[in-house]
Amino acid sequence: MHDKVLILDFGSQVTQLIARRVREAHVYCEIHPNDVSDAFVREFAPKAIILSGSHASTYEDHQLRAPQAVWDLGVPVLGICYGMQTMAVQLGGKVEWSDHREFGYAEVRAHGHTRLLKDIQDFATPEGHGMLKVWMSHGDKVTELPPGFKLLASTPSCPVAGMADEARGYYAVQFHPEVTHTVQGRALLERFVLEIAGAKPDWVMRDHIDEAVKAIREQVGDEEVILGLSGGVDSSVAAALIHRAIGDQLTCVFVDHGLLRLDEGKMVMDMFAGRLHAKVVHVDASEQFLGHLAGVTDPEAKRKIIGREFVEVFQAEAKKLSNAKWLAQGTIYPDVVESGGTKTKKATTIKSHHNVGGLPETLGLKLLEPLRDLFKDEVRELGVALGLPHEMVYRHPFPGPGLGVRILGEVKREYADLLRRADAIFIEELRGTKATAQDAAAGLCGEGDVGKSWYDLTSQAFAVFLPIKSVGVMGDGRTYDYVTALRAVQTTDFMTAHWAHLPYALLGRVSNRIINEVRGLSRVVYDVSGKPPATIEWE
């Protein structure tokens, strides 16, 4: 029996990152809504409890509280952001609105006299104070500590950035240790889970495979499953996992919606039908998709249309299978959280994903999403454990709506053809260019990255078609053609991301090739936006 950590979700966009960090410590955990019953908390028998953040305010939403059993069990509790504030309010402290809200990078003075932060710091001030580089996102602040608590951390604008009652094992921080921007966040969470709570680090991906296979078999029984295969990492791993569970009860449907990458159709069929010996049906629905997208410019409308058409194609194919009752998808957690689909339903919707937002209530198939609670890096780890080839598992992710969300505004076949070729050039150059010692010396990569391709050093890279024209000069003549943007990011979980600092020589070569080889494009720009505030995809 694994030790378990209970994460209570108050509606934060990054709650699942807490689970990701706990799993990285090889400790089993589950996320549940903050309003579960006291009986549920007791029956769960957690080794520790973590309270998530929230976009809500403790003094405006008096119902958003942790169950009383959290405080009665006698197990260690860690509050994060809103979790700290509700801990303060529920245990006799005070929270007030702050006239100096903090969103983004901050430096926190760590008061290292507690077990949680002892010897954990990023640097020390000339006065000898330990400092942490963290990520803040709060508008309220704790102004009075609950009885029995002492100060854990502080900033000039947030005097109580952390607090602790070590006698009861209660700790709380105003910043977010779960996001990668908080440099010592993983160390802090591991300290809490492994040392303070004493949880055993015995949960590994092999356990998840066994549990997922068992769950799929129990859920599906002897019914058939149809899966929409895109060739991307998520749907590929989902297909392999489901195939391991139920074999030929799975039929993969590969839909060519006219918005795929260059030569993707051939690659998908060769890989899945040829190498994996799975049942794959190839459907050319490009005319259907492009026809419905004609004249549509709103990003949400485009995503909804693409999702709707996917469902219609799947339903049509399912009717050809005598026992098809399930529609499987490679939905992963970032898709769910950006669609406001967290377990509490309290997270704010950022944008709809076709996997989770395009399914009508009248869908005649039940939904099977075996990767729904996993992050991209976990999905890759799962794929390797399932025996999938490296080139499949570590291929950059591709959105379900395809180039439809990489063409700003109206989607046209002409635009898709231009974008396909520009994107292929970008990816080809990334694959063919290796990081050098000079790149490392310039801070573009680490010393251990020298010799790796820039494709492997970026988490996701692609081109975006901009429906605007720019004046250029080719030979002795004037041109007036479209603009394309290049986007490359580095991330571990796709919930937050940094733009990739690619070498200028590489970017210059990509730009030169696109302008010279893709007639219809006259200018190339590079996107230097992080996530947040921008999302990785432009639409």
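Using N, Cα and C of the backbone, Cβ positions are placed for all residues, glycine too.
The following features are taken from Swiss-Prot:
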type	residues	note
ACT_SITE	C81	active site, nucleophile
ACT_SITE	H176	active site
ACT_SITE	E178	active site
BINDING	S230, G231, G232, V233, D234, S235, S236	ATP binding site
DOMAIN	4-202	domain 'Glutamine amidotransferase type-1'
DOMAIN	203-395	domain 'GMPS ATP-PPase'
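Everything Swiss-Prot records as a feature, shown here on the structure.
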residue : record                   : DSSP (3 states)
C81     : active site, nucleophile : coil
H176    : active site              : coil
S230    : ATP binding site         : coil
S235    : ATP binding site         : helix
Lowest local Cβ density (other Cβ within 10 Å) among recorded positions: C81, V233:
V233
Taking the recorded ATP site as S230, G231, G232, V233, D234, S235, S236, identify the other residues of that chain whose CB atom sits within 8 Å of the mean position of the site's CB atoms, giving them in sequence order.
L229, V237, A238, G330, R395, P397, F398
Between E178 (active site) and G231 (ATP binding site), how far is it from one CA atom to the other, in Å?
30
Please give me the CB contact count at 10 A for D234 (ATP binding site), counting all chains in the structure.
25
Separation of alpha carbons, the residue listed as 'active site, nucleophile' and S235 (ATP binding site) (Å):
34
Counting across all protein chains shown, how many other Cβ atoms sit within 10 Å of the Cβ of E178 (active site)?
31
Identify, in sequence order, the residues in the chain of S230 (ATP binding site) that are 6 or more apart from it along the sequence and have a CB within less than 8 Å of its CB; answer 'none' if there are none.
F254, V255, V268, G330, F398, G400, G402
